[in-house]
Each structure stands twice: as C-alpha cells, then as structure tokens.
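Below is one structure, written out as structure tokens; comments come after it.
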Amino acid sequence: MDMSTKYNPKEVEQGKYERWLEAGYFKADVSSDKEPFTVVIPPPNVTGKLHLGHAWDNTLQDIITRMKRLQGYEVLFLPGMDHAGIATQAKVAERLRKEGIEIKDLTREEFLEQTWKWKEEYASFIRESWAKFGLGLDYSRERFTLDEGLSKAVNKIFVDLYNKGLIYRGEYIINWDPSTQTALSDIEVIHKEVEGNFYHVKYELEDGGHVEIATTRPETMLGDTAIVVNPEDDRYKDLIGKYAILPIVGRKLPIIADRYVDMEFGTGVMKVTPAHDPNDFVLGETHNLERINVMHEDGSINELGGQYEGLDRFECRKQLVKDLEAAGHMIKIESHVHSVGHSERSNAIVEPYLSTQWFVRMDPLAEKALENQDTDQAIKFVPERFEGTFSRWMKDIKDWVISRQLWWGHQIPAWYHNETGEIYVGETPPEDLENWTQDEDVLDTWFSSALWPFSTLGWPDDTEDMKKFFPTNVLVTGYDIIFFWVARMIFSSLEQTGQKPFDDVLLHGLVRDDQNRKMSKSLGNGVDPLDVIEDYGADALRYYLATGSTPGQDIKFSNERVESVWNFINKIWNASRFSLINIGDNFTMDDIDLSGEKSLADKWILTRLNETIDAVTRLSDKYEFSEAGRVLYNFIWDEFCDWYIEMAKIPMAQGTGQEQQMTRSVLLYTLDKILKMLHPFMPFVTEEIYQQINGEASIVVSEWPKVDESLSEQSAKKEMATLVEIIKSVRQTRNEVNTPLSKPIDIHIEVKDESLKSRIEANSHYITRFTNPESLVITEKVTLEEETKTDVLSDVTVILPLAGLINFEEEVARLEKELKRLDGELKRVNGKLNNEKFTSKAPEAVVEEERQKRDRYTAQYEEVNTRLTTLKSRL
RNA sequence: GGUCCCAUAGCUCAGUGGGAGAGUGCUUGCUUGACAUGCAAGAGGUCGGUGGUUCGAAACCACCUGGGACCACCA
C-alpha cells in the first residue's frame, strides 16, 4: 500500500489516461459478439478550447458509456469535431488580419490552407481537454465533419435530396449578414429588443392629398414598389387602384389591397418593399410587384438608391431622415422598442435580403419526423417535455437556407454550364469539367452535423460499423441546440437511413455563473474547466457536474460545491486507506470468503450494499445521476465510513483470526463494489485505488456490481437500527450534560422483549465501543433510586444515572414535553386509523404502518408516563 | 402574442401521492489508532399565495404573484 493521508488529484490522474489508451480499453471491437452500445460525441467546434458546458456534456456521455462498458456492452464512444463554417472562418480571418493579411487578398486555396492549419492546432487543444476530462473515446474512429468520408456523405445526401425535389435553388428573401456577407438560416438569427424609432412619413398621392406611413427602416423605402391597405378599411377604400408618389425618389407606387394589413396597427397603411422584407416579398409575389434591391452585399446602398449610392445602410437612414424632414415629408418620429435580428456569430444586424440561395424543402421531412414519434420507433426525450419543444418547432418549420457565402465548408456539388447556364448536380463533377463552373458557396455547417450519427460510422457505405453500432443508443446534448442539431439529425436520419439516429436524447441545461448569468466569452465570466481540474481534479469536477442538477435544468457553477466533492473523494481515499491498512498486503480479492459466520455489522453493510447497488443501477438507467450520486454519497459516508468502518475496528483490534478474516472480506468486498459504482463518475481515483488493491488490473474493464440476495438479511437492518438508536441517545445525553466520551458513565438499557434483549446483549460490544460505559447493564426492568436521564426509544429505554449532572426539574420538564409530543403523534395516528375512509381506501401496507406506529407510540407513551410519575413522586 | 421552466433551511440545490432532506454556512464539544479536508451533538423551513382533486398534497389540477428561457413576420 502506497497512499498518502491526503487525496492528491494530480498524482492520481498522472499518466492514467495514456495507459488506458495504450491498453486499448476504449477501442470498440466491431466483431465482438457483445451487445453494442454507442454514443457519438457532439462534435465541438474547432474554433476554440472547451468550456464547462463541454465538460458537463462529455462527463454525462462518459458516465453512461463507462457504466455500459462495465455492464458488459461493446461500447463505442466516438469522438470528432465540427468545422463550424462561419465561426471558424471568422476566427481565421481575424487572426490573418492581425498579421496584416486581408482575406480578399488570398485565393480560396490559400485561405483554406490557413484554416486547416488552424484546425489542427485547435484539434490538439480539444484532444488535450478530452484527455484531462478522462473521456473513454475510441480515437481510431475519430471524425471531422470536413474529412473525406463525411464529405462523401454530405454530397450523396445533397444529390439525393436534389433528385427527390427536396433541395431547390431560388431567389428569395433570406437573412443576410452584411458583416460576414453570407446568408443565415432563421435560427442563426438572434432577436433582440432594440430601442429604435418609428418614422411617420408622408407619401403624397398622385391626385392630391397624402397617406401617412410608419416604418422602422426608412432606408428601405428606396426599394418601395407599392402601398398596401386592408380592403375592408373604410378610411382608405377609395384609394385602392390609385397611385402614391415615393418621396425623394419620385417613383409612382400603386395602392393595392391585401387582408394582410392590420387595420389596428400603426396608420393602417403599409409600404411594400419586396426586396427587403419577407412579408413584403410575399405580398410582392401575390400582387406581382417589382423587386428593387437597393443594397450591396455589405449593406451599403447600390446604384438603385440614387443619390444615396455608396452610403452604409445606417448612414443612409440618417441622411434620408434629414432629407425627408427638409422636404416636409417627415410627420413625426416616435421612439419605438422593437425586436431586431442579429447574426448569431458576428452580432451584426441582419438584413432581410433578396438573394439566390439553396434551400431544403422542410415539410415532407418534418412530417416524417413527427409521424415517427407516434410509432414504436419514437425517440425518447429526457426530460419528456423537450419532445414538445421539438415537435412544436417541426410543426411550423420553414424551408432551410443551406447555402453560405463562405470558403470553409462543403462546397455545393452543383455546376453551372459556362454557356447554357444549365445546372448539374452530382456526387462527381461533370465530365467535360472545363465547360462548367462549380457553385462557389458552401453548405451550412449544420447540414453536415445533421448526419453525424451515421456519417461517422461510414454511411453511405454498408460498413460493419454501421451494422453493429447504428442506431446509436443515446445522444447527450444541451437543450439549446435541439433545433440546430437534434431535430436535424432526426429528420436526416429518418430520410436517409430509414432509422432513428438514436434511441434516447438526454438534454442538459447551460452552465451559469454565480450571478446566474450564462457563461460567455463576451462577458468574460467563463470558468475554464482545466483550471477547475488543476485545483480539485477531474474526478471532483465530473462528480459535481453529474450530480449538480437534474436533467434539463441549468447548473449554477459553484467552486464551493466542487470543493465539497473533493472532500468526498478524500473521504473515499481514506476509507480505502483504512481498508488497505487493515487487510494487509497478503489479502486479495481472491481471498474474499463471505460464507462464514458474519457479525451484525457485516450482515448489515452487505444488506445495505445490495440495496445501494440496486438503487444506483436503476437510477442511472433513468439518467438520474444526481439521485444515484446522492445514494452513493450517503451509503459511503454515512453508513460505510461512519458506522461500518468504526464497527470493523473492533474485530480488527481484538477479534479472533476468523473474525478478522471475515472483516477483511467484507471490507474489501464492499469497497470493491463501491469503487466500481463510483468509477463512471470518478474514473481516475477509482482506478488508483483499484490498482492499489489489484495490482495491474484495470477497473475500466472490470464488472458492474450485481445484487447478491444471498448476502441480504433484512433483520440485520432492524437490529442495527435499534443499536444506532441506543448509541445516538447516549451520545446526545453526553452532549447535553457536557460529559465527553473520554469519561465513562453507567448505562442501563431496559428491554422488555426477551429475544431482543439477547440480541442486544450479543451486540453489546458495539454499544461499548461507541459510548464508553463504566458499566453496561441490559435488563428487563431498571429500578434506580438516583437521578437519571431516561430516553424512551422505539423498542428499548435508555437510562443514565447522572446524579449531580442533571437537574430533576429539567428532566421532568423534558419528559413532560416528550409526553406531549407522543400524545400529539398518537392523536394524529388515531385520527387516521379511526377514519373509516382511510382504513378502507388507503393501501393495506400504509394502514399497517400506521397501526405499528400507534402500537409503538402507545408503548412509549406508557413508558414515559410511568417514568414521569416515579420521578414526580420523588420531587 | 405563444410555449416552457423555476420558486423547499442564511446560501446552493435534491425530493413528484403516505415520516420535510443533502451540501455549505452557523452554535457546542472532541489532538477517538483512515481522514481536524475529520468525528459527535444541535439550531434553522406555515415547501411563493389562493382555491380544487384525494382517505391523505411540498408533490397532481386551476388561477395568482415573482424570476428566467425559448419561439413569433406585426409594418
């Protein structure tokens, strides 16, 4: 045995991960006949280092897979990373800019070369973090969303969907980020409440008079092509079919009617700008209006903006407002809070923009995904409520813009004929390639992430991995990416493989700081998981993250709690030290023999161990790790350490050889099961202790504990409960009368039941051990003339003669209070039992429990009452 | 506007139909031979409010109050 008195995470963690990898414990064997269990890691972006959210996510995956590995499954925990198109491109561009290089001065190839370098750099940071976290990943199967196999899958799916008519190209209003100059999907746009203005502009009518139109984006009026009112609106009915004049520009705008207009809102008159607003775009389509796009891709005004050409959109707004005011066209400006879309990545204000893009037709895919939830193939969401989040989103989903005007990503497998303009879409380039030009755009990152559970296993090829490890078993991720990722994996997998991508989805929340703010780079409030590991060790961090909240709830990061986990691990460490010291060097797992005569402590702890194994297994299967962790914590600290080990010290100090052997067996047996149950939560320290016991053998590939009913004895629990009650009673009194354990006192225990009396006598050495009596008398009837403290317990009465230490009157008062309490309990219990509705409707077990309580309280009441009477007679 | 989550001890949070719990903090005592990062004893809660369902509600339902998240095209 070589263990310091203090748990040192750095020493413990040193070198373990490398040894696990060398031994190949995490390598999944496709030819194994064991049942497979598969988890794919949610691929982190290669944009930066891993944060606490990753640590949490990965810990849960690792706990699940380590547990399954111990339970005899062929486990595949597959690692990989995401190229993260926009985010990575932006980071690389930023770094280049710092080096004085502008992205537009590079060719596509040159830029990609730089980006691959970046990717390699960050990939190694990420792998270092995974190692620190202790993740049991099969690196032989590591994937990257841009690698060859995955690109093949992406192309195949693009072509398939195109051929099925589920991917199309067209000119529509999309969300445009003028900063990164790319299209964005709806969910990449973050809406924020912004203090803006409502500009009320006067549009003169051709025939005289005017209408008042309110807008929040006056610069878009440069692209107005109509005025619209509600056909039912009496105020404006007459105007329909006439013309208004666009201020400044002077264009004639037809006044049209459409029920879309809300008569109650604003002035009830709306300008229509089909090229710069999604609703106006739809109006433009139904009414066949011209689309005038007045902006360049960088958000500045183009030549169609006349005198404003070249101005940035917000500069143009200012200038236009000035000009409208000068021309007497500005009626009023009201301040107005409204929600404005911002780019998730660049935070630039998103411009609704007319643009030619590629889209996925969502309705048929969404329908399939929703229908699947009504079959026996339904995906189980944990917690359940997120299935609602998923289906609500799927139900009114819009088509998905998948093209991005970037370089870093999967270039769209579409080619345009240089002369005819004909489109070719295929997995391989057209044969006469010199006549064709490939689409410059790449696909949305999430298009490839959506294929992750099967593209990583070799799909579309009919690989052995696909056959063995797909569908995967559980996907663990944050609820914040249900739309981005989970939903898209589900419809993609159902469409492409005909199977669900995973059986279960376990959703966790977000990591927040101590002020309950989301941890983010911009706030600078992020906590680096590697710093936490440096201070407390990976095992403490993992246990904290796994048990710090329930599924779907956010976690408020607390250093204090991680520290208290460190204390717990230190406790485990020292309990193991005790065990190892006491079993000695020559006793091993093979020497465990539980067939001989066991002490009460042995029987009790083995019974409780069985119950703990059962509970931890059950709770973990339901992903209730905080409960499983609590059960383990209580068993280990409160029962194994505080009671069993203390009791085991007796035979170890003064028992016979046989008794010592049994104690060694039970100690080691229990410790072994404890370590195995803890291992998924804290892999490093459990491995260290396991190897202290077993030498080279690794706990990683050991076996999950099983309940052994032959070791359970329910009666031991009851006997133990009585002993604990007696011991606690004495301790309590010792505290009250300020008599430390070092000072022996006389203890009398009155037991009316003969068989209970003999059982307590047989175990009196435990009472002696914990209470340090001068004399211990266990008898049927105690009669003492001196002053006593009397504690009436469930089955026995503890009487301590404490002449001079306790006050007669106080003792009487205490007993009276006790009598009153028992009286209250009795009234409550009798109230229930006398209620016919209770006895007839409540389950028999519950009624029986109440009856037993009544009997116990009655006996206690009588006992206390007798004592009290005696005591009073002496006053 | 719609949907969802949260409200339990000073603090952080478990507990989802039959005895109000843990960690931490606080009080008191203890150099007990694994651990003072520990041991023992203790104080501290009308489980946000109101009403309902039930023999029985912290838990289930409705409404209300307060906090938070997400979704949504209101010019």
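Glycine is treated like the rest: Cβ placed from N, Cα and C.
Copied over from TrEMBL:
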DOMAIN    A:17-558  domain 'Aminoacyl-tRNA synthetase class Ia'
MOTIF     A:44-54  motif ''HIGH' region'
MOTIF     A:518-522  motif ''KMSKS' region'
BINDING   A:Lys521  ATP binding site
COILED    A:805-874  coiled coil
DOMAIN    A:808-872  domain 'Valyl-tRNA synthetase tRNA-binding arm'
How many helix, strand and coil residues does the domain 'Valyl-tRNA synthetase tRNA-binding arm' (A:808-872) contain under DSSP?
61 helix, 0 strand, 4 coil
Counting by DSSP, what is the helix, strand and coil composition of the motif ''HIGH' region' (A:44-54)?
3 helix, 1 strand, 7 coil
In the same chain, who gets a Cβ under 8 Å from the motif ''HIGH' region' (A:44-54) while lying at least 6 residues past its ends?
81-84, 87-88, 91, 118-119, 122-123, 125-126, 129-130, 478, 510-511, 519, 526-530, 532, 545, 557
In this predicted model, what is the average pLDDT of the motif ''KMSKS' region' (A:518-522)?
75
Provide the number of Cβ atoms within 10 Å of the Cβ of A:Lys521 (ATP binding site), excluding the reference atom itself.
9
